Amino acid sequence: MYEKILLAADGSDNSVRAAKEAAKIAELIPSPYTLEVVYVADFSKAKNDVLHSQGKEELELSRRQKILPIEEALKAKNISYEVTILHGEPGPTIVEHANSEQFDLVVIGSRGLNVFQEMVLGSVSHKVVKRANCPVLIIK
Amino acid sequence: MAEKIKAEWFSNIRGDVLAGIVVALALIPEAIAFSIIAGVDPMVGLYASFTMAVVIAFAGGRPGMISAATGAMALLMVPLVKNYGIDYLLAATILTGIIQILFGVFKVAKLMSFIPRAVMIGFVNSLAILIFMAQVPHFIGISTMTYVFVAITLLIVYIVPRFFTAIPAPLIAIIVLTAAAIYSGAKLRTVGDLGNITQTLPSFLIPDVPFTLETLAIIFPYSIALAIVGLLESLLTASIVDDMTGTESRKNKEARGQGIANIVTGFFGGMAGCAMIGQSVINVKSGGRGRLSTFVAGAFLMFLIIVLGDLVVQIPMPVLVGIMIMVSIGTFDWSSFSYLRKAPRTDAVVMLVTVIIVVATHDLSKGVIAGVILSAIFFVAKISKIKVTEQLDKEGISFTVEGQLFFASVDNFIDAFDFSVENKDIVIDFTSAHIWDDSAVGAIDKVVIKYRENHNHVIIKGLNASSQKMVDKLAIYNNEGANLSAH
């Protein structure tokens with residue numbers, strides 16, 4: 001069974017759904033496991049984030065608040081987890097973390113973008129599927 | 001020490017060198033465009049970008065941050081250059097550096113973190129608007145070809161990065177469109193029409209200004225404005241780089257470093273500069289982390305100018321205009337529109353006032369100062385709301401005071417009491433209040449004494465320790481026969 005699960009979360013509805021599915025998988029694991037909730041503070045939003053918060057603490061808080069619904073979903077199922085906040089471009093950063101820390105499974109929500117949005121924004125889940133060394137579960 | 005130098009300079013050599021080269025390429029068009037905004041030769045901005053970056057690589061407090069000639073600074077120096085010339089600008093640049101070092105020494109940089117975010121949002125927005133406005137004379141009503149080149153530049157800088165990111169898109173636009181302009185023989189204004197490029201290293205010079213008080217009086221207001229704006233943008237940029245890299249920076253050291261870099265820049269014929277948000281983000285995104293990246297950016301920029309100076313003068317102005325439009329769009333905080341709706345009314349007003357004052361005066365420092373003062377006033381107004389609730393019971397009247405009692409709230413405090421009562425027991429409860437200054441104690445005195453005049457018995461209770469201390473030291477109502485005339 002999976003021992004190290006990475007749950008990529010941005011606080012969106014899709015990532016909350018992903019958290020619920022990750023919880024279902026974690027429930028089935030009999031042995032000790034780690035579930036790491038990874039939030040990536042996007043480089044391209046850094047200026048905006050810093051500008052709109054008065055100081056480091058408020059910035060930290062606003063990011064923790066984003067993943068609050070995910071934490072609630074996991075707590076509701078009594079799943080133990082840890083939270084990591086990384087900085088970078090979401091896709092490559094999740095891939096690098098998943099590969100260097102040798103996770104067994106990546107769970108990620110799909111934003112469900114249309115063709116045009118995908119061209120402009122790029123699909124994070126696609127990038128993760130393409131480059132991660134472990135199985136990837138995309139929740140739509 | 002040696003460990004630290006190694007970590008800050010050589011722990012990420014490959015990433016730093018590559019990112020530095022990318023930044024150098026992206027810096028060239030901006031340095032030239034900002035020189036044109038300031039009304040000086042492109043070399044003044046290019047030299048500034050070289051010396052700023054190289055010096056700050058050693059002296060700065062935020063490794064990996066890029067400093068060079070910037071739009072915010074260029075906009076401030078326009079009237080100085082126009083009325084007095086380049087030598088006064090160089091002198092003002094040196095004085096800016098001296099002021100920034102003093103700010104660093106006296107830890108003013110730390111104070112800058114108190115600048116409300118509404119003011120900072122107003123700052124970047126008005127900067128974006130001014131950069132855009134500065135482009136208008138270079139492309140409106142010149143020729144159809146000018147519009148075409150601006151439009152193609154914008155298409156290139158926005159579409160190419162979707163598919164290809166190894167070379168900065170602005171540089172691709174410059175190369176492709178300069179070549180297109182030369183081969184097609186299109187009649188376009190070029191960088192060469194607005195100034196010269198000299199393919200030499202900058203050399204030490206002392207600005208040719210009379211060393212008199214009159215000179216000082218001319219340059220000082222500009223230097224103070226440059227120092228404030230430079231530090232403001234540098235510290236904001238430092239916070240952004242801190243956040244992106246998850247590391248800390250030393251703000252006061254950065255202030256001193258900016259000062260040193262500006263002094264050197266002034267003596268080597270460059271215009272005052274500061275940290276650049278856009279370029280620093282490009283640097284970190286491209287993998288730059290250490291001081292080496294900043295050094296490479298400056299050094300490689302100078303190398304390119306010395307090698308390619310002949311070509312740089314042929315860059316068509318519309319291409320630079322297009323790149324500057326991109327810079328202004330990138331600088332503008334587009335979430336401001338939702339901020340205006342969601343943020344507290346007073347914050348929204350502060351933001352708008354900052355923008356309006358900057359756009360009206362073309363001076364970023366005036367907008368910032370006005371914004372800070374306005375938000376201080378709003379803050380005082382907000383916390384000066386004091387609530388006094390009255391409760392009648394059989395023994396007498398009790399008042400509960402909630403809030404901060406200080407010079408701005410004493411009037412409201414006193415007005416809350418009705419002094420017409422006689423022969424009552426009155427209790428004033430300060431459990432939920434704090435006494436801040438002499439006028440607060442004076443107000444309590446006044447209330448107590450006024451009640452006593454009508455033979456009421458007044459008890460003050462619930463003062464917290466520091467409030468009690470203040471009252472014990474200053475209040476006169478405890479003295480026998482106290483009356484109002486003692487105030």
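Just so it is clear, glycine is given a Cβ too, placed from its N, Cα and C backbone atoms.
According to TrEMBL, the protein has these features:
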DOMAIN    B:399-487  domain 'STAS'
TRANSMEM  B:43-60  transmembrane segment
TRANSMEM  B:88-106  transmembrane segment
TRANSMEM  B:118-134  transmembrane segment
TRANSMEM  B:140-160  transmembrane segment
TRANSMEM  B:167-186  transmembrane segment
TRANSMEM  B:216-238  transmembrane segment
TRANSMEM  B:259-282  transmembrane segment
TRANSMEM  B:294-312  transmembrane segment
TRANSMEM  B:319-337  transmembrane segment
TRANSMEM  B:349-381  transmembrane segment
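In this chain, the transmembrane segment (B:140-160) does not touch the transmembrane segment (B:88-106); fewer than three CB pairs sit within less than 8 A of each other, excluding pairs fewer than 6 residues apart. Outside the transmembrane segment (B:167-186) by six or more residues, the chain places 22, 25-26, 28-29, 145, 149, 152-153, 156-158, 160-161, 282, 311, 314-316, 319, 322-323, 326 with a CB less than 8 A from a CB of the stretch. Within the chain, the transmembrane segment (B:140-160) has long-range Cβ neighbours (under 8 A, six or more residues past its boundaries) at 169-170, 172-173, 176-177, 181, 186-189, 316-319, 321-323, 325-326.
Here the transmembrane segment (B:118-134) has Cβ contacts under 8 Å with residues 37, 71-72, 75, 232-233, 236, 277, 324-325, 327-329, 331-333, 336, 339, 343, 347-348, 350-355, 358-359, 362, 364, 367-368, 371-372, 375 of the same chain, all six or more residues outside its ends. Same-chain residues lying 6 or more positions outside the transmembrane segment (B:259-282) and placing a CB less than 8 Å from one of its CB atoms are 19, 22-23, 26-27, 30, 34-35, 38, 40, 43-45, 47-52, 55-56, 59-60, 62, 64-70, 72-74, 77, 89-94, 96-104, 124, 168, 202-207, 226-227, 229-231, 233-234, 236-238, 240-241, 244, 297, 327, 330-331. Helix, strand and coil counts under DSSP for the domain 'STAS' (B:399-487) come to 35 helix, 23 strand, 31 coil.
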